[in-house]
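Read the structure below first, then the notes.
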Amino acid sequence: MASATNSSLSLMLLVAAAMASVASAQLSATFYDTSCPNALSTIKSVITAAVNSEARMGASLLRLHFHDCFVQASFTQPIGCDASVLLSGQEQNAGPNVGSLRGFSVIDNAKARVEAICNQTVSCADILAVAARDSVVALGGPSWTVLLGRRDSTTASEALANTDLPAPSSSLAELIGNFSRKGLDATDMVALSGAHTIGQAQCQNFRDRIYNETNIDSAFATQRQANCPRPTGSGDSNLAALDTTTPNAFDNAYYSNLLSNKGLLHSDQVLFNGGSADNTVRNFASNAAAFSSAFTTAMVKMGNISPLTGTQGQIRLSCSKVNS
């Protein structure tokens with residue numbers, strides 16, 4: 001029975017890999033060179049201005065892209081970066097997203113600016129993928145070539161957002177499994193977790209760690225407790241920087257924090273806790289170039305997870321709703 005199950009799983013992974021390969025082959029870095037040559041520069045100007053105005057917005061836009069790519073729009077459509085997260089309601093109401101996803105107005109602004117020069121040409125999914133890259137660059141991080149040509153979904157799923165997105169309480173095994181199901185390996189997972197070098201988390205997502213876990217620097221825990229009361233329901237939405245060393249700079253300090261047991265979320269510190277990811281964390285902590293290379297590689301892989309292409313889906317006129 002186990003052999004049959006393993007064979008079925010192997011077949012599913014092969015099919016998923018084949019789908020990703022075919023879809024990514026239809027994406028191109030030059031997709032809009034003729035149809036909308038100023039699309040990327042227009043998006044970049046909007047994103048750079050937004051991040052310069054509020055550094056946290058860079059992390060918010062990166063997270064928005066991640067949450068888009070990790071959720072399957074429906075069982076009849078491919079898994080991938082399809083702007084389903086931008087549709088009002090649905091995925092936005094899921095537990096991992098409600099009250100914490102932000103940046104929608106920035107994407108809407110970028111879409112409006114692009115629509116003004118190229119009507120119904122550039123998808124919201126592509127705008128979000130480019131915005132994630134431009135956000136990282138605006139905060140001093142590495143750049144990468146974003147392949148383009150994604151189309152927008154016509155559906156979204158709150159239920160799948162609740163099951164597909166990694167939880168802040170995830171174990172290392174759960175994280176590895178979650179990313180593996182998307183075609184991302186353990187190194188990709190550790191590298192993408194490095195996005196927590198920027199941004200903030202809500203008290204309700206790290207309360208248990210700072211009060212009940214032992215693999216945490218005591219001074220760090222005390223510092224975090226000052227703005228995160230122990231009683232559930234008290235200060236749940238209070239924010240703390242995921243990286244207290246350089247909270248607004250995209251660098252490798254996140255991994256150095258893990259070496260010192262200063263990971264804010266349980267799902268952060270499990271990356272360095274005597275497990276299989278320890279050596280990767282050590283490498284990224286000591287070698288910024290290695291982290292940058294692994295992160296950009298993983299971002300390209302994640303951005304190419306079986307997107308809608310060709311005549312699938314649509315090019316939305318407004319990112320928050322399907323075309324009428």
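We count from 1, first residue shown onward.
Placement of Cβ uses the backbone N, Cα and C atoms for every residue, glycine included.
Because TrEMBL annotations are produced automatically, they should be read as predictions rather than curated entries.
Matching TrEMBL disulfide entries to the candidates Cys36, Cys81 identifies the partner of Cys69 as Cys81. Note on proximity: of the recorded positions Cys36, Cys69, His196, Cys203, Cys319, the one nearest Gly80 (Ca(2+) 1 binding site) is Cys69, by Cα distance. Pro166 (substrate binding site) is 25 Å away from Cys319 (disulfide bond) when you measure Cα to Cα. Here Pro166 (substrate binding site) comes close to Phe70, Glu174, Leu175, Asn178, Phe179, Ser267: these same-chain residues lie at least six apart in sequence, with C-beta atoms under 8 angstroms from its C-beta. Residue with the densest Cβ environment among the disulfide-bonded residues Cys69, Cys228: Cys69, by other Cβ atoms within 10 Å. Cα-Cα distance from Ser84 (Ca(2+) 1 binding site) to Cys203 (disulfide bond): 27 Å (rounded to the nearest whole number). Checking each of the disulfide-bonded residues Cys36, Cys118, Cys203, Cys228 against Val71 (Ca(2+) 1 binding site) by C-alpha distance, the shortest gap belongs to Cys203.
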